[in-house]
Amino acid sequence: MPEPIQSGDDALRVSVLSEALPYIQRFSGRRIVIKYGGAAMAHAELREAVFRDLALLACVGVQPVVVHGGGPEINQWLKRLEIPAEFRDGLRVTDADTMDVVEMVLVGRVNKQIVNGLNQLGTRAVGLSGSDGSLVEARPWGDGSHGLVGDVARVNPDVLEPLLERGYVPVISSVAATPGDGRAHNINADTVAGELAAALEAEKLILLTDTPGILRDRDNPNSLIRKLRLSEARQLIDDGVVAGGMTPKTECCIRALAQGVSAAHIVDGRVPHALLLEVFTDAGIGTMVVGRG
């Protein structure tokens with residue numbers, strides 16, 4: 001007679017797999033754009049957890065698209081090369097020397113580290129920058145006083161379609177060129193992820209951050225708002241509940257939803273396997289913003 005299944009950890013694993021099943025069925029064949037950065041990129045154990053999450057998503061038929069930043073490593077290289085780092089209005093002021101470092105780090109180092117990490121797990125990852133195939137066309141941000149800081153002028157999703165159809169996972173750095181002069185610009189990775197999600201008609205946009213999500217009280221991590229309608233997210237910005245660095249992330253979610261993305265999530269990337277917990281469990285771990293409902 002077979003022994004009964006162990007209680008405790010074994011039963012919990014079975015329960016988690018069972019809970020994930022309807023979500024796996026629902027999102028198989030769907031596209032999810034993930035912005036990867038912050039603490040989830042800086043610590044080896046969290047990096048490995050993110051890579052495994054992405055590999056599992058791909059294994060069960062989800063089509064993940066990864067957009068990444070790399071601020072901490074950029075700062076390390078600027079310091080090593082004795083180039084001063086300057087931030088204004090929450091954006092990195094980017095002169096020509098700084099842009100050279102940004103492009104080297106994001107396109108040449110961080111992007112390949114992510115691609116190699118995914119490929120080692122059997123995932124077929126392909127590294128791109130926004131400039132490749134004019135995937136993302138840039139325009140100068142604001143009045144140009146921040147130097148080579150850019151915004152998204154246009155997205156050409158046709159570059160990604162053949163890759164996604166063949167089961168590849170695109171890994172995209174947030175560097176793109178202006179079409180007129182071909183100059184590389186540094187674009188906020190959240191912005192690139194949001195615009196790509198809209199252009200790809202993605203099911204979800206997920207921003208991995210260094211906070212639990214949108215908080216009712218920014219000083220109280222237990223005040224996490226689990227779910228918001230689009231109109232409620234706008235109201236929180238107007239009321240000043242969403243402020244500081246959370247404002248552009250929330251605005252990014254709002255823009256993506258307004259362009260047809262089904263749901264946008266702000267998730268704590270410091271939590272191991274945050275992606276799977278958000279996508280494949282009933283409760284999730286972050287804030288989900290939806291267009292309606």
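Just so it is clear, glycine is given a Cβ too, placed from its N, Cα and C backbone atoms.
Binding of substrate is attributed by Swiss-Prot to G70, G71, N186, and within the candidate set R52, R92, R166 the record adds R92 to that site.
DSSP gives K249 (site 'Transition state stabilizer') a helix state. Here N186 (substrate binding site) is positioned 17 angstrom away from K249 (site 'Transition state stabilizer'), judged by their C-alpha atoms.
There are 19 other CB atoms within 10 A of the CB of G71 (substrate binding site), with all protein chains counted.
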